[in-house]
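**Q** Below is a structure I'd like to ask you about.
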Amino acid sequence: MEYIELNTKQKIPALGIGTYRSPKGEVGKAIKIALETGFRHIDCAYFYGNEDEIGEILKETFDQGKIKREDVWITSKLWNIFHDPKDVQEGCEKTIKDLQCGYLDLFLIHWPVCFEKRNDLDLLPRKDENTMSTVDIPLIETWHAMEKLVEIGLVKSIGISNFTKERIEEIYEKAKIKPVINQIENHPYLQQEELCEYCRKNGIQITAYSPLGTSHFKKENPSLLQDPIILEIAKKHNVSPAQILIKWQIQRGNTVIPKAVKPEHIKDNFECLKVKLTEEDMKQIATLDRHFRFVNPLNFWNIDVYGEANKK
């Protein structure tokens, strides 16, 4: 396994397994297989609704002594209804209880958007059919509450997710603890080099989600796994297109969290660590950038998180 050192001097496994939309009844088995395969980095979130099942496998694994808790990097995320400073610790504790992991290695603000908190189960509160019920809480207030989680030992480090440069600037200078990671959608069709470079300069590691793309939001989305250049490079190395897409992230210095449930996909993803892309491969993949988002809240929340609503 390759590791990347964060600004806290912690070392995070470069390759992890994502769990978004991993169904209950399947996600536990997937995590068990992932750990047996060699994964030591699991990406979770309260919003995914499956942390309790993941927690059962983690407890079983740690209790059996097969793998130590300190050898597994566990990330989770603060959901949008818990942004009020008085709710941040509650949001974190719910996750730790479900995951049965004692503490989190990393806790992220999932989105730079605050929703009204009606109860713990209404995760997507709406004013009407087309409008989310949002609340105006400055991100720096939420961030200071996140910092307290580090101080009391619930989490080892804190970070952000889906933050633009402008959103990072809202918290960076006033933060006592700087974000260690910005987890963003990243793949050859959305390379975000400007944002990645800004984060690097400020000591913020990039974690790439949806590295293989997704058809979840729109079936007609383009397929990264069928891209002619990706297929050509995969054929040259005699590996799968997924392995090319994942290793491309690692060779750019990013951590990466492809989701997988099927055993063959989990094992295939892990095997990417053996792949070595050439400089020419990297240059070819760099030409694929088209600023295409598979995941855009403008489409499902009608919220312009990225400030791109009026851009062509």
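Placed from the backbone N, Cα and C atoms, the Cβ positions cover glycine too.
As annotated by TrEMBL, domain 'NADP-dependent oxidoreductase' applies to 16-288. For TYR48, the entry in TrEMBL reads active site, proton donor. Sequence annotations record features per position, and here TrEMBL assigns site 'Lowers pKa of active site Tyr' to LYS77. Among the features that TrEMBL reports, substrate binding site is placed at HIS110.
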**Q** For HIS110 (substrate binding site), what is the tally of other C-beta atoms lying within 10 angstroms of its C-beta?
**A** 22
**Q** Report, as a single number, how many Cβ atoms besides its own are within 10 Å of the Cβ of LYS77 (site 'Lowers pKa of active site Tyr').
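**A** Taking all protein chains shown, LYS77 (site 'Lowers pKa of active site Tyr') has 27 Cβ neighbours within 10 Å.
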**Q** Taking the Cβ of TYR48 (active site, proton donor) as centre, how many other Cβ atoms lie within 10 Å?
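**A** TYR48 (active site, proton donor): 21 neighbouring Cβ atoms within 10 Å.
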**Q** Please average pLDDT over the domain 'NADP-dependent oxidoreductase' (16-288) for the predicted structure.
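**A** For the domain 'NADP-dependent oxidoreductase' (16-288), the model's average pLDDT rounds to 96.
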**Q** Determine, from DSSP, whether LYS77 (site 'Lowers pKa of active site Tyr') sits in helix, strand or coil.
**A** strand
**Q** Under DSSP, is the residue listed as 'active site, proton donor' part of a helix or a strand, or is it coil?
**A** helix
**Q** Taking the Cα atoms as reference points, how far is the residue listed as 'substrate binding site' from LYS77 (site 'Lowers pKa of active site Tyr') in Å?
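**A** Pair distance, Cα basis, whole Å: 5 Å.
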**Q** Expressed to the nearest Å, what is the distance separating TYR48 (active site, proton donor) and LYS77 (site 'Lowers pKa of active site Tyr') at their Cα atoms?
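**A** Their Cα atoms are separated by 10 Å.
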